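First comes the structure, then the notes that go with it.
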Amino acid sequence: MSIPVLTAVAWPYANGPRHIGHVSGFGVPSDVFSRYQRMVGNRVLMVSGTDEHGTPIQVQADAEGTTPRELVDRYSRVIQDDLVGLGLSYDLFTRTSTDNHHRVTQDLFTALWHNGYVRTEKTLGAISPSTGRTLPDRYIEGTCPICGYPSARGDQCDNCGNQLDPADLINPRSRINGETPQFVETEHLLFDLPAFSKSLASWLDTRTHWRPNVLNFSRRLAEDLKPRAISRDLDWGVRIPLDGWQDAPMKRFYVWFDAVIGYLSASVEWAQRTGDPDAWKQWWCDPESQAYYFMGKDNITFHSVMWPAILLGHNGEGDRGGEVGSFGRLNLPTEVVSSEFLTMSGSKFSTSRGTVIYVGDFLREFGPDALRYFISVAGPENQDTDFTWDEFVRRTNFELANEWGNLVNRSVSLAAKNVGAVPEPTAPDPADEALLAQSRAAFETVGAHLARSRFKQAIGEAMRVVGEANAYLSHQEPWKRKDDPARRDTILHTALQVVQDANTLLTPFLPHAAQKVHEALGGTGVWAEQPHREDAGTSGELGTSHSVLTGDYASEQARWESTPIPVGRPLARPTPLFAKLDPSLGETGPSWAPIQTGE
Ligand SMILES: [Zn+2]
């Protein structure tokens, strides 16, 4: 049965290029999952985009002497290039600066407002006197009133560890331009999160299949909820559709609020682009549909608590009740799939410390599948994991090239040289049947792991089939069977069938290599589809000119099953699937990210 599966992928913030730690959290896992779901025949909608509002964008644009619009135009394009290069199969990757996103955000807010889950409150807030914009706590520093540390931040003192209020700092100053912040009374919107404590807790009680760290963390958050601001004094973001606020020059939604609504707005935009404006409802309103959210662990809060609370408020399902909003009753996440951090020398990737590996640099030198493989087999699925060039070289050379690349190469080469086509098998012996049974059985075991987002176990099982096939060839030695061509051909046919099965099992992880193996086995047409960039134009309701990532994944041939390889199909000698890396790379790193040595 075909199920609608929403793959909701965390939105990269458009303030710079992404590093490999980012795509190990939200990117590769969500794509492996989506490709598998499509192969089993489910109707996948994979959406995301660049997150383009908020103070950090404004601050960085000021620092670079440009406008927020110019900044996000530039970085959304850089990020799109990286994600296309990695082969992430988005149905729609869009932007939060579109008219459509602004309208969906306002409509969802209107439902929360109407149901009484948002109130206004006058607070004392810091603003920059020169710009009139909110000066967020972490952009204010001063002397700690408790310990006297001169560089305490507005939200906490790094010396004594106490939580602070920026109004308490002695000699407060802006970290952006050094001016003294002004503390003024300003009106803000507060989202009544405590009104969802009960409904969130009972919903989380039904999520027993989540990764335990995500579930336990979310339960603790839901026990201690406080009202949360959803507005800022800022002139870059989504306008607030209330009298007196709509036209205010310095009132916008807080970026966290509009960013999580992107999952819905991107789905709505996707539907508009297909010509069936209600098509998004299959993934959001059908009770049979499933929704999986992928992110790094620093974003769990927004996906397991904030976004579900917004959905419950829109549905009228918090303590205050209410009516179902204009989108109809919206589904909560089926699962929040969070990764831990990919680190380098034990620390998070950091541009300022020089420990950063950008996706674009990586793809230019090594191509996408080596990185996809590394993240899948050795990434931070369940614990923080250190990236080392040494391990990357070892995995690429000994697993991808020696194990998988070599199996494809020698199976196809031998058949091409001796027969010129897929050979015909005669009487199979027990060793042939045992190997074929193993590769057929792997579809169920690997598939069960993928359906549960257990990527390491899944790729481990798929690579086990590869290992068994290599052992089989070494033992059967078809290259020594010149005097018994019937037996030789049976062995080669068996090997080619297992190559085809293993290629199918590895397709979600290695879609670019999978296309090459498909062609090496004599196949034609698109086995695994790749995303591309499209100009989304200025037409219709979208209003803005912007480009998106999308793809025609329905036309790809890959299906999650063992299909018999056609006897007699012509074969040519293949080109090597994976280039081996120079082992010295493991000691030095590449020239653009050299390993830091010394004290
Ligand atoms: Zn202190």
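Note that Cβ sites are derived from N, Cα and C of the backbone, with glycine treated the same way.
As the structure is a computational prediction, the values presented were derived from the model and not from experiment.
Taken from TrEMBL, the feature Zn(2+) binding site applies to C144, C147, C157, C160. Counting every protein chain shown, the number of other Cβ atoms lying within 10 Å of the Cβ of C160 (Zn(2+) binding site) is 13.
According to TrEMBL, the ATP binding site annotation covers T351.
According to TrEMBL, the feature domain 'Methionyl/Leucyl tRNA synthetase' maps to 6-411. Over the domain 'Methionyl/Leucyl tRNA synthetase' (6-411), the average per-residue pLDDT in this prediction is 94.
Positions annotated as domain 'Methionyl-tRNA synthetase anticodon-binding' by TrEMBL: 422-527.
Taken from TrEMBL, the feature region 'Disordered' applies to 578-599. With a cut-off of 8 Å between Cβ atoms, the residues of this chain six or more beyond the region 'Disordered' (578-599) that come close are 345, 354-357, 361, 365-366, 369-370, 388-394, 396-397, 400-401, 404-405, 513.
For 12-22, the entry in TrEMBL reads motif ''HIGH' region'. Remote same-chain partners of the motif ''HIGH' region' (12-22), defined as residues 6 or more beyond its termini with a Cβ less than 8 Å from a stretch Cβ, comprise 48, 50-52, 54, 56-57, 60, 71-72, 75-76, 78-79, 82, 95, 296, 341-343, 348-349, 351, 356-360, 362, 371, 375, 387.
Residues or ranges marked as motif ''KMSKS' region' in TrEMBL: 348-352.
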Which of C144, C147, C157, the listed binding-site residues, has fewest other Cβ atoms within 10 Å: C147
Remaining residues near the recorded Zn(2+) site, that is with C-beta within 8 Å of the centroid of the site residues C144, C147, C157, C160: P145, I146, G148, Y149, A152, D158, N159, G161, N162, L164
